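Notes follow once the structure below has been shown.
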Amino acid sequence: MASGPNMEAPVCLVENENEELRVNSKAINILERITQPVVVVAIVGLYRTGKSYLMNRLAGQNHGFNLGTTVRSETKGIWMWCVPHPSKPKFTLVLLDTEGLGDVEKGDPKNDSWIFALAVLLSSTFVYNSMSTINHQALEQLHYVTELTERIRAKSTSRSEEVDDSDEFVSFFPDFIWTVRDFVLELKLEGRVITADEYLENALKLIPGMSIKAQKANLPRECIRHFFPRRKCFVFDRPTKDKELLVHVEEMPEDQLDHSFQVQSKEFCSYIFSNSKAKTLKEGIVVNGNRLATLVTTYVDAINSGDVPCLENAVTTLAQRENSIAVQKAADHYSEQMAQRMRLPTDTLQELLTVHTACEKEAIAVFMEHSFKDENQQFQKNLVVTIEEKKEDFLRQNEAASLSHCQAELDKLSESLRESISRGVFSVPGGHRLYLEARKKVEQDYERVPRKGVKANHVLQSFLQSQISIEDSIMQSDKALTDGQKAMEAERAQKEAAEKEQELLRQKQKELQQVMEAQERSYKENVAQLHEKMETERKNILREQEVKLEHKLKIQKDMLNEGFKRKCEAMDLEISQLQKEIQLNKEKNSSLGAKILDGFGDVLISVVPGSGKYFGLGLKILSSQMNQTQNSDKVRKL
């Protein structure tokens, strides 16, 4: 089990003491360490029907979940056992054993209903365990399924607006398996041999008639058929005919159990291992251990506060928590990759921006992988701002590294020049020419220094600015120059200074243009990955709707075949409405891009510092500065 302990024994997940449910923090801590998707198998049934034995077999053990040896129900609340999946190494198998339903020692029968509802909400495969046969009495005992509409909400509504949204259950309910223990009948129907699945489906056929008695008898049948489209049945012979041995069945060697029971148990386990899927919420949200922990806590908190557990609220809680973590993961990835791939100072700004673009693309992908239900792209916008701030910090670090490196190199290269000035080497006739030659050599040597970075021209320009007064002093004292020559030299110096300043401004303009282009790439990358994610989500919704439609059409067909024409016709409106929703969803594809551009695009421009109009304003200011410099140069020439 990746990122989690291999549990040697079960722990209580939801405690049920004095008719109050409480989440066990120890179990939550175990779940929070499981990063793999979880296949959750929950078993529910009347007390003392051998549920725990089946769960122990799934765990590959004889012992673990408490079987008990008396008529008292041993399992209280919901117990959990997390084990490595025996055939899917990338998944963790989470087994949930629930306390027996219908225990006479319980006071409030609602307690059983909540346990039943929690088992449905948490599992990807729901096993209902009963004894002997699936008859009228067995279906009556499964009345808990008829109460699910009062115990579970798919969508968030206020109490005054509560509506029956059980139509949505099919999109997130688990697969349903009915296990019949100590099966006493032959699998035959009207003289022909049938499968256990056919036996179940025959038992779920509606009883003809519209009497109150028939409607009451049909209610659990209809609920199972409507809520659980994927159904399976397993029947088991008695493990042993020896009543005394039966009490201690967990201690019996497997080869001493009835052969048929051994085969049936292996078939059951094999089916679970091969066919049980990872726990998935609506729209394809796959649940790992950490998410399961949040779901358990959210549902139990809702029950204890007097509310009905709501899937939409639970998903919102999950999204708020995980999307914040997704932003942090993505931002950390960006920082780590930038630090690994860059050597400061970079030779050019473009070198840094190229690395930034690659790292940002990866960071956005990390966010998309770990986020879901990001309403209005709130968290993606946070990531955009965070990455922009980190990029600005790297730009500052790059500038500081370049400044420090260039200043150190220039100080070293100009040391001889400074010493010559101090010693008065240039205070002789022809000294101005000697000074210019010495300074030119410093500039040429500086030019050959590798990887000076983005502040190379700035440092050189500052150095040359510091030499203006020194050059003028040397020139004025040079007796080899006439007044006319001095005037010409002064004009040349001014022209060179203006050209250097112009060159610096051109560099700034070029760098600003590069930053703008990087912002545009950032915008396009965010939109592209968002579009891809939204398209995937749209397809998931469409797939769920099509599964729901297929399920409704099957129910309608079965109703018609069973002679319930009125019920069949009543479904026409539901089916028609669902078909319209599917068509609308298909048409959304063409407008998806425009929606992203209109919504998220505008926000990106406003939340990213220095983008959009700010870049345009910066370009105008720089352009104005360049024009002013050029005009000043023209005035000097005149």
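Just so you know, glycine gets a Cβ as well, placed from its N, Cα and C.
Since the structure is predicted, the reported quantities are computational estimates derived from the model, not experimental observations.
Features as listed in Swiss-Prot:
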- 1-310: region 'GTPase domain (Globular)' (REGION)
- 35-277: domain 'GB1/RHD3-type G' (DOMAIN)
- 45-52, 67-69, 97-101: GTP binding site (BINDING)
- 311-638: region 'Interaction with the CYBA-CYBB complex' (REGION)
- 590-638: region 'C-terminal tail' (REGION)
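Annotated features taken from Swiss-Prot, shown on the structure.
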residue	record	Cβ within 10 Å
GLY45	GTP binding site	24
TYR47	GTP binding site	21
LYS51	GTP binding site	29
THR98	GTP binding site	29
GLY100	GTP binding site	23
So what's the mean pLDDT when you look at the region 'GTPase domain (Globular)' (1-310)?
85
Look up LYS51 (GTP binding site) in the DSSP assignment and reduce it to helix, strand or coil.
helix
